[in-house]
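Asker: If you scroll down you'll find the structure; I have some questions about it.
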Amino acid sequence: YFILILDIRVHGYVSLVVCIFGSVANSLNIAVLTRREMTSPTNALLTGLAVADLLVMLEYIPFAIHMYIPFNSRSITERYSYPWAAFVFFHSNFAQVCHTVSIWLTVTLAVWRYIAVAHPQRNPEWCSMKTTMIAIILAYIVCPLLCIPLFLSFSIQPVNKTINDTTVPSDATESSRNVTIYVVNISDLGNANDGLLESINFWVYSVVIKLFPCVALTELSRRLICALLETKRRRQKLAMASSSSGKPIQRSSRVMEKERQTDRTTRMLLAVLLLFLLTEFPQGILGLLSVWFGKPFFNNCYQKLGEVMDILALINSAINFILYCSMSRQFRSTFNQLFRPSMLDRWLPVPQHNGNGDNNGCTTANNMTQSSRKMLLPDTISS
């Protein structure tokens, strides 16, 4: 209980910091991933994911400021006025739609990566740029339709509340007054037919939006890990056969670099998927338990953990920039090219070629030839 109360008190400040950082980080993601040299189906999906996460962050900032930052500085009628209730209603629906878009784009990203690893000969056909753009557009169209039960289950409702009137002396006989506040609650339509629409909403939220993508991502992640291990074993067997025969197999540096990039990219995307699972699985399970055990569980458990689930989702939406920078060489190089002050160039040493066609991870647009530029452009964000 103490942890929950502490979380409520600090949630606004923590979420505000996370949202500001996430807004800047996702803006940088979009700026880097939309560069012409970064064009690829996977980077297009990552851009669509960054846009959805950016919208969640920008919209959550005024919500956090209003609901949490001025903890006791405003009256209850100001905090729960009708305009702010309308904004909270918009916030709950808009954030859910954008987060659903990011969930399904993450699933699409996992499918695309699995096809690239398990069926590389089919990858240019099944995961072309045209198909990727169609998948992104469908995610932004279908997800709002999928959330329609959520829109209909809640509405803005007036509530009469008795509060202490601070303008009246404390020794007066009448020191309280009735006011009308507005809250977002289950609508009459949601309560109709024994709460049928409310139950449908929780089933859609917990199973379709949360648990089904988590199960799909778990299986795809398992297959990707198995594919990485199988590729490693196959290379080891090839190296052993080559050494035993005394005839080493000649492989071009371009092929070897391509294989290393594919492995590193798969590991980076696996990190994105596993982080997503850690934040989404608990929400889906709590939503499903709310369907089984009804309103008592929802009021006593789900709602009290709402701030914890919110901050986990916000961190998940903000941290991808760190993953890209730490695991992708091309992302770092493009980011460096875009945002490094030009005045630093006069003090930086000229990168030395190591004989493998790269510049020790420091290739820039000024010294990259057209052939080496093509070599650094695989079907995904290169690492």
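A Cβ is built for glycine as well, from the same backbone N, Cα and C atoms used for every other residue.
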Asker: Match it up for me: which of 238-260, 353-375 does TrEMBL list as region 'Disordered'?
Answerer: 238-260
Asker: Does the transmembrane segment (45-69) come close to the transmembrane segment (268-293), meaning at least 3 CB pairs under 8 Å for residues 6 or more apart?
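Answerer: Answer no, regions not in contact.
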Asker: Restricting to CB pairs under 8 Å, which listed stretch, 12-33, 89-112, 305-325, is in contact most with the transmembrane segment (45-69)?
Answerer: 12-33
